[in-house]
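S.K.: Take this structure, written in structure tokens, and hold onto it; I'll ask about it next.
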């Protein structure tokens, strides 16, 4: 599994800063394969699409 | 009371004239102890010359990422190792975003694209998008598509776009440190054409790019010379992978001083909270800015980052007894 903000392995290092930043950011990396996702932010939410693992919303 | 606040009260509050660059610099150099009095003066100026209404706007990215320009703060430049990928918003999703914005009570909806300037495909997408929004939603449509040709300015007027955003970003003397792929003067030329077209001019920038306090004063004076209808004020939100990704965020008190200074430079403009306020000012600082010169907000999310929920800002405005500017008041 990977950090969805920085794309590095979630088990390696401390991702507390990433987690804090994610409060005001959509995910950028697929947590399953670390591919960069296509992200669309709209006024009330976001969608993030991984070509392999599909759509996430928030 | 300090001399500069005395002078500002006489010139800006009483006469409605903005401060000159040297006086703006004095404002930016005021000590922390003077901040409450400064914010109160900026608030008095805003209330006298603009009124209590707050203009609410939503923004959306029509074309994200892959920009050929090198604006050092921007995660959408294709020249940096940013995680932001290129993506286009389809027309039904654009209309839905406009509906969501209108549902907050907002009177403005700004369509933004990360480009040097629009190409034929983007202009066609804009024409279709603006028409679809005007058909389905009662809201004013603004646009921000980079540098324009005269023909494109005329096309946007024809579409019914009522306001055009093109930020100068920072002062003329510091701009080459932030952008090297085009000049400050090229941006100014687009703004000149927009003004002459009859569209409202929206032009602001970002504080915290590494500019000095003198350059902040220079920027406020240059914006005042432009005399835009609206000034969106951003605070740098350092983005991973960009050249400014490691810069510190602006100190909260410096941000509030800047808000008041920009208000005293431009007493009659719409001064809008834009990106970065959440990390620079937090909830308490956001309130202080609204009581220190700000009279407009972007609600909800930004282009690539997230904002506070619109309901949080609307509740704050209600608490401050600041009515949301109605759509009818914008005509």
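Here, residue 1 is simply the first one shown, and the rest follow in order.
Cβ coordinates are placed from backbone N, Cα and C, and glycine is handled just like the others.
These figures come from a predicted structure and were not determined experimentally.
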S.K.: What does TrEMBL list, out of B:29, B:272, B:277, B:287, as binding the same [2Fe-2S] cluster as B:110, B:202?
M.R.: B:272
S.K.: Using all protein chains shown, find which of the binding-site residues B:67, B:110, B:202 scores highest when you count other CB atoms within 10 A of its CB.
M.R.: B:202
S.K.: Calculate the distance in Å between the alpha carbons (Cα) of residue B:110 ([2Fe-2S] cluster binding site) and residue B:74 ([4Fe-4S] cluster binding site), and round it to a whole number.
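M.R.: So the alpha carbons of residue B:110 ([2Fe-2S] cluster binding site) and residue B:74 ([4Fe-4S] cluster binding site) sit roughly 18 Å from each other.
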S.K.: How big is the Cα-to-Cα gap, in Å, between residue B:202 ([2Fe-2S] cluster binding site) and residue B:67 ([4Fe-4S] cluster binding site)?
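M.R.: Rounded to the nearest whole number, the Cα-Cα distance is 21 Å.
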